[in-house]
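Asker: Annotations for this protein, taken from TrEMBL, read as follows:
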DOMAIN    28-161  domain 'CAAX prenyl protease 1 N-terminal'
TRANSMEM  61-86  transmembrane segment
TRANSMEM  107-126  transmembrane segment
TRANSMEM  132-152  transmembrane segment
DOMAIN    166-378  domain 'Peptidase M48'
BINDING   H242, H246, E322  Zn(2+) binding site
TRANSMEM  252-271  transmembrane segment
TRANSMEM  291-314  transmembrane segment
Amino acid sequence: MNASKIFRGLLTVSWIEFLWGFYLSLRQATLWYFLIFRIWINIRNILGISNVDEGEIKITAVFIIVQMILNVIISLPFSIYETFVIEEKHGFNKQTVAFFIKDRIKSFIVSMCLMVPLVCVLIYIVKAGGDYFFVYMWLFSMFMLLFLMTVYPDYIAPLFDNYTPLPEGELRTKIEELAASVDFPLYKLYLVEGSKRSVHSNAYFYGFFKNKRIVLYDTLLKEHSKEGKGCDTQEILAILAHELGHWKFNHVAKNIVIMQINVFLQYFLFARLFKYRELYEAFGFTNEQPVIVGFIAIMSYVFAPYNVIMHLLLNMLSRKFEFEADGYAKTLGKGEYLRKALLKLEQDNLGFPVYDRLFSAWYLSHPPLLERLEALTREH
């Protein structure tokens with residue numbers, strides 16, 4: 001089979017996938033419009049609430065729970081297929097059925113405990129906040145973001161995976177020396193038992209001010225891998241040097257600022273649009289205007305073109321940050337080891353290194369392997 005036939009075959013598959021996705025989107029949109037109205041009305045009737053203005057927050061709380069249950073029902077078959085068919089086929093999955101079920105139940109409970117109160121508070125702010133409610137919404141959202149960023153690693157993440165201090169040894173000593181050499185305020189070093197979930201690997205840091213923590217997945221460490229995958233000490237140090245680059249250039253703080261500006265703008269525009277009756281009529285609401293429905297309509301549909309543009313811009317920014325972090329690792333003398341680590345991780349994760357530049361700019365928040373290797377081998 002020659003190259004032109006392969007290309008035509010791939011193009012045909014891509015078009016079929018596009019048309020099928022477009023059909024599913026239309027069908028899902030119709031179903032979504034119908035469901036939102038029917039769910040809201042049924043909840044209101046079951047709760048026996050006649051005055052929607054007084055009982056809207058109660059209805060909204062139940063509405064959110066029902067929507068979350070529906071989302072689980074819709075997404076569960078795809079999650080099962082991804083985990084026990086695709087991931088299993090390629091040797092990545094390590095979850096048992098019992099682990100998978102328990103993990104999904106915990107995830108649902110945690111999401112519900114966070115989402116329901118958060119949305120209800122936002123609805124209350126809209127109804128009681130006056131003309132400048134969007135400012136109070138933004139302040140509350142920013143507070144919750146910082147709060148969750150603080151408590152998630154220590155109190156929520158351990159519900160799903162086992163975090164233990166990285167054992168004493170050469171690796172720990174080398175990491176501490178690397179952190180000290182760049183004045184990184186390392187507070188704790190954790191090893192997470194990701195191998196119970198999959199053989200995919202990761203490393204990251206978190207924490208504010210002087211309380212930075214570094215987390216390594218056990219699947220990243222060669223001595224912990226039963227499949228012979230993972231990286232050696234120097235390669236792990238190179239990966240962490242990349243992560244330290246994100247810290248050095250304040251990428252996390254910059255992302256928070258950019259996202260908060262974006263959230264403020266969206267809340268401001270929401271405040272200008274949410275009273276238009278046509279938004280609610282499009283979902284079947286002719287006699288009432290639930291705030292949550294207006295929020296869904298505006299954020300998901302009215303802002304769709306804006307969201308597309310923001311997606312591209314944020315991807316471009318993320319890719320820029322990744323190149324900067326790679327460059328920082330190179331300045332620390334870890335460029336060659338980072339190159340080897342990237343090649344190993346791509347191989348271990350069965351990544352596909354060849355991407356069209358426009359395709360990768362749109363779909364990938366991280367530059368593909370070949371672009372990163374090319375940047376690492378440049379002299380400047």
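Note: Cβ is positioned from N, Cα and C throughout, glycine not excepted.
The shown structure was predicted, so the numbers you read here are calculated from the model rather than taken from an experiment.
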Asker: Ten-angstrom check, please: count other Cβ atoms within 10 Å of the Cβ of H242 (Zn(2+) binding site), all chains counted.
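Answerer: Step by step: centre on the Cβ of H242 (Zn(2+) binding site), count other Cβ atoms within 10 Å, giving 24.
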Asker: For the domain 'CAAX prenyl protease 1 N-terminal' (28-161), jot down how many residues DSSP puts in helix, in strand and in coil.
Answerer: 120 helix, 1 strand, 13 coil
Asker: Using the centroid of the Cβ atoms of H242, H246, E322 as reference, list every other same-chain residue with Cβ within 8 Å of it (recorded Zn(2+) site), in sequence order.
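Answerer: So the additional residues around the site are E243, G245, H251, F321, E324, A325, D326, Y328, A329.
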Asker: Output, ordered by sequence, the same-chain residues six or more apart from E322 (Zn(2+) binding site) with a CB under 8 Å from its CB, or 'none'.
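Answerer: Long-range Cβ contacts: H366, P367, R372.
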Asker: Which secondary structure state does DSSP assign to E322 (Zn(2+) binding site), in the simple three-class scheme?
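Answerer: Note: E322 (Zn(2+) binding site) is helical by DSSP.
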